[in-house]
Amino acid sequence: MDLDVLLPSLIPSLQSVYVLVSYFVYLAVAGELLPGKVIRGVVLSDGSQLRYRCNGLFALTLLVAILGISAKLGIVSPLVVADRGLELLSATFIFCVLVTLVLYITGRSSSDKSSSLKPHVSGNLVHDWWFGIQLNPQFLSIDLKFFFVRAGMMGWLLINLSILAKSVQDGSLSQSMILYQIFCALYILDYFVHEEYMTSTWDIIAERLGFMLGWWLLHNKVQLTVPAIVANCFVFLIGYMVFRGANKQKHIFKKNPKTPIWGKPPVVVGGKLLASGYWGIARHCNYLGDLMLALSFSLPCGISSPVPYFYPIYLLILLIWRERRDEVRCAEKYKEIWAEYLRLVPYRILPYVY
């Protein structure tokens, strides 16, 4: 792309700022007011438990309905994200930088002693800004970690729908675009159906980069053969089965450690570590499912360019880095129990490979 065109398109306009602010305001209001199942989070080191209102599916459905009606009435253009994608990208980046700086400043000045808000300051500005200082920072009683994960997942779907509308308008809708849209929609809807599982996971927010892949398909005509489509579906289904199954087993185990896994009593190391089901195959088998899903989102783009595969490559690096840090943390926390767990489950992510 010509830099003379690219650089001006990266400058946020008032409309892009308005769209972003309106989106966050809606999420904040809907998250607090819409009915939903209230879930207690994991018990923190001080014995406290945060409460999460899992109404994401309701909020998402209502938002899509509002936007659909507004588009029908001509109030909002369904192409606003597709046409102003780079503006929204830069506006979101600036917003993220500002939010993290505010969290850094407020975190350092906090005197709260609770597990959620107690400041953890290393003295290294870059380290503390990057990793954060407080475990569960809040704003107006809103848990920001939970809020931004929800914002990312919903935003991903809205981005995809806008790009889909653009491709339909341009007459460029392809099998690859349809396949990509279906996989992403199923993944996102499944997340909100099982939103309560998020409350028991150790998760760092990773950008889904849905805009990049959809934008690629919008500007590059990719035709897939029937075997390629079948293979792509197979990768998605296996990835989904492993990802959702592993996270569900962990969530259920944390609620009731005696619940059977695959019809058998669970193998538990030291009364704390699950070594049954998917968790008896690899210590981070949910990452394998996540990586397969990420690959299935990129495969509809074909293999003519490495650009669409930035996301799965990025996620692979991120998850290996996270897995390494998690292993160190668990070794320090569980000591001899962890050594026994390593003996029973020797593989990290991919059995017989890694």
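Note that Cβ sites are derived from N, Cα and C of the backbone, with glycine treated the same way.
Note that TrEMBL annotation is computational and uncurated.
Keep in mind that what you see is a predicted model, and the values were worked out from it rather than measured.
Annotation comment: TrEMBL describes 16-35 (among others) as transmembrane segment. Residues 53, 55-56, 58-59, 62-63, 80-81, 84, 87-88, 91-92, 95, 140-142, 147, 150-151, 154-155, 158 of the same chain lie 6+ residues outside the transmembrane segment (16-35) yet bring a C-beta within less than 8 angstroms of a C-beta in it.
Taken from TrEMBL, the feature transmembrane segment applies to 56-76 (among others).
Remote same-chain residues near the transmembrane segment (88-106) are listed as 10-12, 16-17, 19-20, 81, 125, 128-129, 132-134, 137, 144, 211 (criterion: CB distance under 8 Å, separation of at least six residues from the stretch ends). Annotation comment: TrEMBL describes 88-106 (among others) as transmembrane segment.
Taken from TrEMBL, the feature transmembrane segment applies to 147-165 (among others).
Residues annotated as transmembrane segment in TrEMBL: 177-193 (among others).
Beyond its flanks by at least six residues, the transmembrane segment (224-243) meets 175-176, 179, 183, 186-187, 190, 278, 285-286, 288-293, 295-296, 299-300, 302 of its own chain at Cβ-Cβ distances under 8 Å. Sequence annotations record features per position, and here TrEMBL assigns transmembrane segment to 224-243 (among others).
Residues or ranges marked as transmembrane segment by TrEMBL: 263-281 (among others).
The annotation transmembrane segment is assigned in TrEMBL to 293-321 (among others).
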